[in-house]
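Working notes, structure below.
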Amino acid sequence: MPLITVGINHKTAPVSIRERVAFAPEKMIDALSSLISENKANEAVIVSTCNRTELYCSVEDLSKVDDVIAWLGKYHGIALPELQQYCYTHADDDSVRHVMRVASGLDSLILGEPQILGQVKSAYAVSQEGSCIGPELESLFQRTFSVAKRVRTDTAIGENPVSIAFAAVSLAQRIFADIRNSTALLIGAGQTIELVARHLKENGIKHIIVANRTLARAQILADELNAEAIMLGDIGDYLSQADIVISSTASQLPIIGKGMVERATSQRRHSPMLLIDIAVPRDIEPEVEEVNDAYLYTVDDLHSVIEENVRARQDAAKAAEQMIEEGVDSYRRVVESRKVSDLIVTFRQSAEAIKNTELEKALKGLEMGQSPEQVLNKLAHGLMNKLIHAPTRYLRDAGADADQDALIIASNVLGIYEEKDN
């Protein structure tokens, strides 16, 4: 059956549109069931993240793509003309290629981002839970996960951070070989600090302290991550606990000065402290780098790392694209092989039916007292005539049409030339 993809992502639509077509996790199975029960698709998987909503479907024919787009608009209450201007579609090989690129991080806002593979796997699992996936998409997604794993394993696509937040956490991991026993003090509660916090949590940080000018905002983030919230004015009392300090506020004046860091390192008995200032203007006085056992990095230091890593990821992406093309070819072979398998099964079933019919005639002949020799003769002739009927008709039609290619194929299939040689 044909495969189609209908999607909207960060390249085609602003967040104001993307949020309107997003699917709530708790309603995903109902949405999938609706899509299938309304006969828009036979199988479906929906990937819905902050940057994309994509519907992967196995359908009766490619004309169903219009039905799927119409269903998406109806489900979310968006007029079809408005929705269509933001949608993109793929079919068959292009659909296979697209899902493999998505799962491998090649279609992401941040090239090579690792989270998307987990999100695609979760979408697949939800579809399985709702019994909305069958042999077509099962095969596609298993092949996709295999290709994405190979891309992750055999290229450097995910080894080099390309966001400020990810770069900051990666730097911390380089300096502290194991951050699972470390405490991080995060100053600010904006999007960048939120991403930093999530990256730290994903990498097993022991404890996070969130400091913000507004305690309520810090508490919201702290509650999400099982962290501790404090006011900016309390930083001096907590700084000595921090192995890692990452700051990103909108303050026009430095929040951490040299003297504060000197007192903290003294209380820490000169255990190393990493400070990463990703604010503009700076949150941490430049003189802090003069303090023994304090290691200060700025946003410019991270940008240089990111630029190098973007280039490295682009090189890795070239190798990844080749792996994806190999994956598309491999999947195509599986599909074609499945078609041949179905044909073989049908052919064998036809032969089995002929055998049973002729065998039944033979048994009746024996019951009626016919000699075994006579029965076997009729059985052999009956089998021969029925088995060669369709090939004989094909050969006559090909001969009448002077279709030499068909005659050559038929002779190879029937083994006629081999018989002459033997």
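Heads up, the Cβ atoms here are built off N, Cα and C, so glycines get one too.
Feature annotation from Swiss-Prot assigns substrate binding site to Thr49, Cys50, Asn51, Arg52, Ser108, Glu113, Pro114, Gln115, Gln119; the stated evidence is sequence analysis. Sequence-distant neighbours of Cys50 (active site, nucleophile) (same chain, 6+ residues apart, CB-CB distance under 8 A): Val15, Arg18, Ala22. For the recorded site, Cys50 (active site, nucleophile), the DSSP three-state label reads coil.
Look at Swiss-Prot and you will find Cys50 tagged as active site, nucleophile, backed by sequence analysis.
DSSP classifies His98 (site 'Important for activity') as helix under the three-state reduction. The annotation site 'Important for activity' is assigned in Swiss-Prot to His98 on the grounds of sequence analysis.
Positions annotated as NADP(+) binding site by Swiss-Prot: Gly188, Ala189, Gly190, Gln191, Thr192, Ile193. Taking the Cβ of Gln191 (NADP(+) binding site) as reference, no residue of its chain lies under 8 Å away while being at least six apart in sequence.
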Residue from Gly190, Thr192, Ile193 whose C-alpha is spatially nearest that of Ser108 (substrate binding site), among the binding-site residues: Thr192
Same chain, 6+ residues apart, C-beta under 8 Å of the C-beta of Ile193 (NADP(+) binding site), given in sequence order: Ala165, Leu186, Ile187, Val210, Leu221, Ile246, Ser248
Among Thr49, Cys50, Asn51, Arg52, Ser108, Glu113, Pro114, Gln115, Gln119, listed as contacts of substrate, what is the widest Cα spread in Å, to the nearest whole number? 15
Taking only the Cα atoms, work out how far Pro114 (substrate binding site) lies from His98 (site 'Important for activity'), in Å, as a whole number. 17
Distance from Asn51 (substrate binding site) back to Gly188 (NADP(+) binding site), taken between C-alpha atoms, in Å: 24
